Amino acid sequence: MSIFITQLFNGLSLGSIMLLIALGLAITFGLMNVINMAHGELIMVGAYTTYVVQQIVSSYLPQQMLAYYFILAIPLAFLISAVLGIIIEKTVIRFLYDRPLDSLLATWGVSLILQQAARSIFGAPNVAVKTPDWLDGGFSILGATLPYKRLFILALAVFSIVGLSYFLYKTAIGRKMKAVMLNREMASCLGVSTKKVDSYAFALGSGFAGLAGCALTVIGPIGPSIGTNYIIDAFMIVILGGIGKLTGTVIGALGIGILSTTIEYTTSATIAKVIVFALIIAFLQWKPSGLVSMRTRSLD
Amino acid sequence: MSQILWCDNVMVDFDGFKALQGVDLMIEPNEVRFLIGPNGAGKTTILDVICGKTKATSGRVLFEEVVNLGSLQEHKIVQKGIARKFQNPSIFSQLSVFENLELSIRQKRNLTSVLFARMTGETKNHIEKVLEQIGLQDFVYKQAGELSHGQKQWLEIGMQLMQNPSLLLLDEPIAGMTGKEREKTGELMHEISASCSVLVVEHDMDFVRKYSKQVTVMHEGKILCEGNMTDVQENEHVQEVYLGRRKQTC
Amino acid sequence: MLNVANLQAGYDETTILRDVSIKVEKGKIIAVLGRNGVGKTTLMKTLMGLLKPSAGDVVWRNHSVKGLRPEQRAKKGIGYVPQGRDIFSTLTVEENLLLGLEALQKKPKKDVIPSHVFELFPVLHEMLQRKGGDLSGGQQQQLAIARALVGNPELLLLDEPMEGIQPSIVQLIERVIIKIAREQGVGIVLVEHNVDLALACSDFFYILDHGRIVAQGDSKNVNLEAIQKHLVV
Amino acid sequence: GCGKTTSTEGQKAMIDTSGDTVKVGVLHSLSGTMSISEVSLRDAELMAIDEINASGGVLGKKIEPVIEDGASDWPTFAEKAKKLLQKDQVATIFGGWTSASRKAMLPVVEQNNGLLWYPVQYEGMESSPNIFYTGATTNQQIVPAVTWLLENKGKKVFLIGSDYVFPRTANKVIKSQLKAEGGALAGEEYTPLGHTDYSTLISKIKDAKPDVIFNTLNGDSNVAFFKQLKDVGITSADIPVLSVSVAEEEIRGIGASVLEGHYASWNYYQTTDTPENEEFVANYKKKYGDDRVTGDPIEAAYTAVYLWAKAVEKAGSFEIDKVKKAADGIEFNAPSGVVKIEGANQHIWKTARIGQVQADGQFKEVWKSGESIKPDPYLESYEWGASLSNKK
Amino acid sequence: MKFNRTYAIYIVVLIGFLVAPLFLQEFRLGLLAKFLCYAIVAIGISLIWGYTGILSLGHGVFFGLGAYCMGMYLKLEGSTTGLPDFMEWSGVTTLPAFWKPFTNPVFAIGAGIIVPMLLATVLGYFTFKNRIRGVYFSLISQAVVVVVVTLFIGKQDLTGGTNGLTSFYTFLGMSLADSFVQQILYFVTVGVLAIVFALSIWLTKSRAGKVLMAIRDGENRVRFLGFNPTSYKVFVYSLSAAFAGVAGMLFVLQVGIISPAMMGITPSIEMVLWVAIGGRHSLLGAVFGAIFTNGAKSLFSETYPDIWLILLGLLFIVVVLFLPNGMAGLVQSIQNKFKKLKSRKEKSHEPDTMVR
Ligand SMILES: Nc1ncnc2c1ncn2[C@@H]1O[C@H](COP(=O)(O)OP(=O)(O)OP(=O)(O)O)[C@@H](O)[C@H]1O
Ligand SMILES: Nc1ncnc2c1ncn2[C@@H]1O[C@H](COP(=O)(O)OP(=O)(O)OP(=O)(O)O)[C@@H](O)[C@H]1O
Ligand SMILES: NC(N)=O
Ligand SMILES: [Mg+2]
Ligand SMILES: [Mg+2]
């Protein structure tokens, strides 16, 4: 029983991490059609932001504040990544909206630059972020321990998805974003400021990447190449879910999370990785546009 | 004479919305048939079913009495001799006008044949003839994407002509054409009906009046009535849902 | 209201429009006629700001809008129904219509679609939750017109708005066009292939050929013979 | 290499000694995943070169390092090694971290009769005539560690490692040794390099209830593993973890508090108490910053440069064959103590040390082999080791 | 006229490659040989991407499979015990069955072409038949990379794991370290490149080539002209996989190593970048893109080992942003300008020509 709960929780927890890293992509890739290979590096920026905040707090503020630096780091990670996102949008992406596959190539260049920049600024080795004490330990239930850190990430994921859904489906700016991505010229003919919408949307997607980066510091490494660990998974989740549909992304992330942990438990991490990716390929053969499809009758 | 196309009680259901609710339609060889009806009646949908773009939920479509089109893939249907012009121009925008036509030739379309296909004098003549018919002689090497809307329409008609089809499906072919060109299209339709049947969807009543013999009216996914234009025009129901009560002037 | 002077415009390296001057007055309907490929759509796009003119000027309510982007022109009251409809295919009909509100200078407190468009096009009301791309051709065209009307434009650019629409609704749209011109003082530029129809509902007409204005005049007393030569191939 | 002798053996390698400098290659990953570890090795080697130059160079020539980036990509290592040998005509190359990078450079140095100094502990089963190995081979690190664990921490060992050649081969050795020395295998798991979710693996470890975990994870994965191990409440008191790829630098990236109480097996720690080390650590910090730490591979890289210089001096020539011949038996007072080159297999004699992580991120030595251990890459001196290699 | 000139350029380029050994140091020649292998891959990518609109982010796999086939042969040829060295230290005692045929060089070379083609055919058949297109296909091809690479790494005892295959000494009895052998291999590479190039030119000029371009423009429309895009796409995809396989075999012979890292996501994306930089719509552009990009990469990393990635990243960004059609596009537009200038001069007495 306890192993069942532990594994279910592990699955959900991995799923929530996957969801966090994929959410930003669901916007920049799912909605904006930008294949942002630098998404992983935006995650990295969020993680380093958390690190820097911790450094600053621990050297300039009283010791008892250190416990709460994380509260400060979350919004800052979002913000800094968002700002960097805007810069990338203004300098690179903007020219590529009608060439989605080219955006992949250009942002690949961006990711190389950001990685090397991180290496030059923070040094090549990993840096350590000490998570606040209040996240240490866990919650015991039926013999299983659910670490607070993982519960925290789960909560953060839920919070993010609720906020983002409201934003996308219930607000005018969400609607405008979708319109701009579908038909830029027509949207602008209706009075939508495409440039603003582009920047907002990309900033939002990048911000969520930063948020994911902040969350990842709790459980994983923080170094210049952290982004490369997550980028492929993130893309897989978005296409598995169905481009442009948040519900799909959520189901996809949790599905992959639970599937991975279950298979890994009975086989090995390597086999699990192979099987999960093979299943994704097979699934897409069966449902070529993902779990939640958005096809219309138009010819192409 | 036996019919070339028979739609037998065709139904189409889009997630609960019944776009076609049992359509029976028969087309004779060398016939030019007009299909009219209100927006959303299901005209495009029935063409989609015939050419395989949409699968019928039930019912069947028989071509030349024996071939059940429902079980064939799109390209197989085309190879049987059914050509389709879409409501929105669908041409290959990055190929030249000439190349667009070249690809449309009725030919063996399997990989090996096409790989080793050569441009013969005969095909060249055919392309030139069609170019003249569609009035794009001066645009032979222009990229099709740079044509105007109307020119694209013509190119797409030309591409269907290249195929020497036995059944030609035209979805609003004269939309966006001026008077003279409408006439040209009308005449062209009758010209080619010597060798094939044509099923035309059109909203322009003057055009229908002028070039139709048989007209089928659809409404809400069903056939409302069939007959010649004068009869159809008199039909109260058709007037109500489609034509409008009386001709209004501004 | 709208004054276009010596406009020259085109695509990349090819110039399509040359020396085009037209005028639209408040509450008047202008018809633009011409064969396929003469540059009618190009003119509309230039007016809307989708194409940059290489010479000439577009003056809207005494101010040049030459340098403005489409969204800025939309906010200044110019509405556009493009040829080919350009519906947002994966958005619902409702969302498409709500987007029309973006052109309004003052945002309404709540997102509500003015009910008069549903009176005009009842079918849209029935299909509010359907995806725009799933509508039939004519339904999409109706949606495109409705979307432009939602923004309460003062100048309406209509590029073949009747294409693919059933006769009874064509009549309806004709009436609507005239009504909003007369009652709300909206200026309208109408590109239409059907000469009879175009002349019937317009006040003034221009004929384009090879990117130039080759004839213009009052729609009510036209010498059909004279203009016919510009319209046949 | 193993099996085949090189066709170019004895061929005169081209070494450019025309000027008053001599070039050496420094080939590590400065980018890509491995740069997290390898950049420091470059730093250590450059420091050694600077020191030697400051005291007059070798054979009267200043050493001129040619730095190349292996980019964590093995074919790139091969390409760059070739470039260093053929184009720059370097006298030797210092480089590599992963075994894969060494295996990639091996045929290049053999075919060009070049020289490579490889400074990282590895899985053994190799001795190329053109490579000097200054890191530990298995019998200087892993074997003593296993013995120590069995004697001090328990018999049930769980093996986890990254899925590549070093951990797999190391674990093969460990399993033979466990059998021979009365240990038991509680489980054996591998995760892909860069893997970051260890929750499931930790569940499996919990199920297996081992006494100790022997960890051959490499790189980033260590961070995730230790953080997540701590989160489920497993401490070093419950199940101690002994790692062979976690040095001071890695601890900095994981956080000392996460690792406190766990063990590592190395030949050197920053805290190793020798006069040479005191100076070495001080110089390193002075040169690269107070927040930097040293560690075993860093020390081995630093030592490699000195050993090469000594061999050259002894040979009186830069010629590869002469240097190789001269190298046998050379001793050097390294920061880790006296090391000696074993000419037969071109590894070096080293002292094995078990250290425990302290709250400040440094190791406290808890055990050391009495004297330095003779390198035995093929484990020929162990009865249970005979079956491990087909070396004749 | 125009025809002849293009062909003349091809011949000049070929001659250039043939005389290159006269001017290059051994090491540089080795690099060029490696780049020419890459150029063969690039031609295949230009066919599927530039001409057919299929963006594969998994060509590293095909390259790798070809390379492994050759590598397996070389390992067996080089082994005195009949077992490759890595199997010995992985505890394998008898040669696995699927390794056995690779003792035969003809089989190995055949497999180096067939295996990648087969994988591409199977994968392509299902994906294309199920109408998976665009980004979906690209990402699926990445998933395939992940699967294959993880398997190759995980099955260390059969594949050599992360290390890959290396330490080759002879090929068909010839010493690979011999510079004369390396020169011969260089000329073989140039020859293969020329054949692959000519074949591809012929393909793109054929009617089938136009079908490919039509598929790029609008796949569904192609269906309604009676073509089955699936078979065309499978064909060109497998063809480009075969090219990559051939390139991989030549690569292994000259570079002396193949490892899973060469099949990974990064090299696969880089392959596409070579083509983007050279000009995806031009086969010659693709060839030069591969040479130029890799040349730049080598040069940057030799000169600035610390920040070369930043330079490379900038190169990618600048080319993608400002040269959407790559170097070939740049040449083309310069040519067009030149032509226009000329024709303007000739026709200066005429009034502006009118469209239509
Ligand atoms: N994929 C779909 N999902 C939902 N509804 C659909 C779909 N495709 C078509 N419809 C609906 O089916 C009905 C029939 O559409 P169809 O395009 O056949 O009409 P039509 O007769 O061609 O009209 P028009 O004259 O305006 O072109 C329309 O109400 C349309 O909204
Ligand atoms: N994107 C483009 N690039 C280059 N040339 C174009 C482009 N679009 C249109 N053209 C050319 O510009 C000319 C005018 O096109 P335009 O679309 O304005 O014609 P139109 O009068 O609207 O015709 P139609 O009645 O067919 O809609 C045509 O010759 C066309 O080939
Ligand atoms: N030799 C190692 N640690 O790969
Ligand atoms: Mg229709
Ligand atoms: Mg037009």
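A Cβ is built for glycine as well, from the same backbone N, Cα and C atoms used for every other residue.
The transmembrane segment feature in TrEMBL is assigned to E:7-25 (among others). With a threshold of 8 Å between CB atoms, the same-chain residues lying at least 6 positions outside the transmembrane segment (E:7-25) that come near it are 32, 36, 183, 186-187, 190, 193-194, 197, 201, 284, 287.
The feature transmembrane segment is assigned by TrEMBL to E:31-50 (among others).
The transmembrane segment annotation in TrEMBL covers E:57-74 (among others).
Outside the transmembrane segment (E:106-128), and at least 6 residues removed from its termini, the chain residues within Cβ reach (under 8 Å) are 61-63, 65-67, 69-70, 72-73, 137, 140-141, 144, 229-230, 233-234, 237-242, 244-246, 248-249. As annotated by TrEMBL, transmembrane segment applies to E:106-128 (among others).
Listed as Cβ neighbours of the transmembrane segment (E:135-154) (distance under 8 Å, sequence separation of 6 or more from its ends, same chain) are residues 54-61, 64, 68, 123, 127, 161-162, 260, 263-265, 268. Under the heading transmembrane segment, TrEMBL lists E:135-154 (among others).
Summarising the annotation, TrEMBL assigns transmembrane segment to E:160-177 (among others).
Per TrEMBL, transmembrane segment is recorded for E:184-203 (among others).
According to TrEMBL, the transmembrane segment annotation covers E:234-259 (among others). Within the chain, the transmembrane segment (E:234-259) has long-range Cβ neighbours (under 8 A, six or more residues past its boundaries) at 30, 33-34, 36-38, 40-41, 43-45, 47-48, 51-52, 54, 56, 59, 62-71, 74, 109, 112-113, 115-121, 124-125, 128, 160, 162-168, 171, 176, 182, 185-186, 188-189, 192, 196, 203, 212.
Annotation comment: TrEMBL describes E:271-292 (among others) as transmembrane segment. Residues 9-10, 13, 32, 35-36, 38-39, 41-43, 45-47, 49-51, 55-57, 59-60, 63, 193, 197, 200-201, 204, 315-316, 319-320, 323, 325-330, 332 of the same chain lie 6+ residues outside the transmembrane segment (E:271-292) yet bring a C-beta within less than 8 angstroms of a C-beta in it.
TrEMBL lists E:307-331 (among others) with the feature transmembrane segment.
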